[in-house]
Every structure is written in C-alpha cells, then in structure tokens.
Amino acid sequence: MGKSLSHLPLHSNKEDGYDGVTSTDNMRNGLVSSEVHNEDGRNGDVSQFPYVEFTGRDSVTCPTCQGTGRIPRGQENQLVALIPYSDQRLRPRRTKLYVMASVFVCLLLSGLAVFFLFPRSIEVKYIGVKSAYVSYDAEKRTIYLNITNTLNITNNNYYSVEVENITAQVQFSKTVIGKARLNNITNIGPLDMKQIDYTVPTVIAEEMSYMYDFCTLLSIKVHNIVLMMQVTVTTAYFGHSEQISQERYQYVDCGRNTTYQLAQSEYLNVLQPQQ
C-alpha cells in the first residue's frame, strides 16, 4: 500500500492546489462582487432617501461639521448634513458684545427721538400797535378805527408748526368794539420765528358817541385812548392743537392817522389792569 501511495502522480496534487487557488480567487471575487453590490445597494438606498443618518462603523465624517470628508458627485442635492449641537459655529463669538451694542443703539435712537419730538412751548409776544387809521361819520357821531397789530411767534420745537388761526378783539371801557379772525396763516419752521401783522376794524358809536367830541377836538394834539387788545393764536403740530392767549392795554390816537415805530418805547406804553 505504501508503495502504491508513493507513486501517485504529483499533478493531481498540483491540480488540487490550482483548484484551491481558483476556489479562493472565486471566493474573493464573490466577496468583492458582493461588496460592490452592497455599495450599489447603499447608493441606491441613499438616492431613494434624501435624508440619511449614518451611525456606527459605516458612518463617514460630515463634510460640513469641521471635517474633510467627501460625498459622491451628483448627490449634493440629495444628502443632508447633520451638524452636532456642540459645533462651535452654532455659538457665534462676541454675542454679548453684539447684544450690548444693539441695546445701546436702540437706547440712543429712542433718546434722540424723545429729544427731537418732545413738544416744546410756542411763544407768542404781542409787540404793539403798528398803525391806526381813523375815519368819522359826523351824522352818526361814529368813529371808525382800523388798528393793525404785530405779533412775534417763536417755534422752539425741532419740527414745523402750523399757525391755524388768529382771533383778536378790541375792548374800550369793557365794551367790545371790534373783532377779527384770520385763518390758515402760515407755517413756522423748526427753531424759527415769524412776525405777523393783523388788522382789527373797530367802531366807537351809540352809547360811546361822546368819544366823537373828544377825538375831533382841535385844541388837543394827541387824542390817546386806552384800548385792551386781546389775541388768541391757535397752532397745530402732529394733529395736536394748542391755543396761546395774550391781553395788553395799549394807547391809540383816535384823532388822526398814525403809524407807530415799534422800536420807540413811548408808543408801547402799556397800562396794567389793577389787581
């Protein structure tokens, strides 16, 4: 038996060896094909599911999470990157600085808005009588006086103010002898002042007809009478209306036409009412 075994052809062992090698190669090829098939299957799965979360040993580095990985070409619009909560880009630097700067800017803008839009006073100053033109009706013993007055209106605001109307009346001996009203006067710009003239026609007659003799008396050069000038100015801004009133006693010459120089104090002599 041993002899017969010793004379067995060697090529059979070689064939067996070749067969073993071939089978091993086939197995390797099968594994490679299986892996390729599995990769194709995974690629197909990825294409079917645009949002995929990779976990475990098969996971790859996220290209947008501080990594350097790559994704297959053509799948840029199919894959969704998962950014971890601990990613530093989710915690921007200088957040406190930006918040403080935003708060400071808001406070600054609010302060400026309050400063410029806060309503300030509108000053009305009665300057005096600018002119007085006199005419007479001898039959009715009536005196007609057209009195032109001057006002200075000052706007202390940082925005324009509209002067809606001026209402004026003149009293003599506690009797109203003339009224006037002017509408839609003018606009006064920010921190500006305008001088406005207005005329009040007055009539002295009836129970005060005795004044006709005084005003036409030739022996007197100056026929001054004391009149109380009342004026109310209505202004408007931002839909809000405000009224400013003034009362002044003023000398007016009823014996002739007179033009007053407002700079001269003698024509601005004012009698204050008794307290």
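Just so you know, glycine gets a Cβ as well, placed from its N, Cα and C.
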From 1-24, 25-48, the residue range that Swiss-Prot assigns the feature region 'Disordered': 1-24
Disulfide-bonded cysteine for Cys215 as listed in Swiss-Prot, from Cys106, Cys254: Cys254
Integer mean pLDDT for the topological domain 'Cytoplasmic' (2-97): 54
CB within-chain contacts under 8 A for Asn165 (N-linked glycosylation site), separation at least 6: Arg181, Leu182, Asn183, Asn184, Ile185, Val233, Thr234
Cβ neighbours of Asn146 (N-linked glycosylation site) where a neighbour is any other Cβ within 10 Å: 15
DSSP-derived class (H/G/I helix, E/B strand, else coil) of Asn257 (N-linked glycosylation site): coil
Asn257 (N-linked glycosylation site) CB neighbourhood, other CB atoms within 10 A: 11
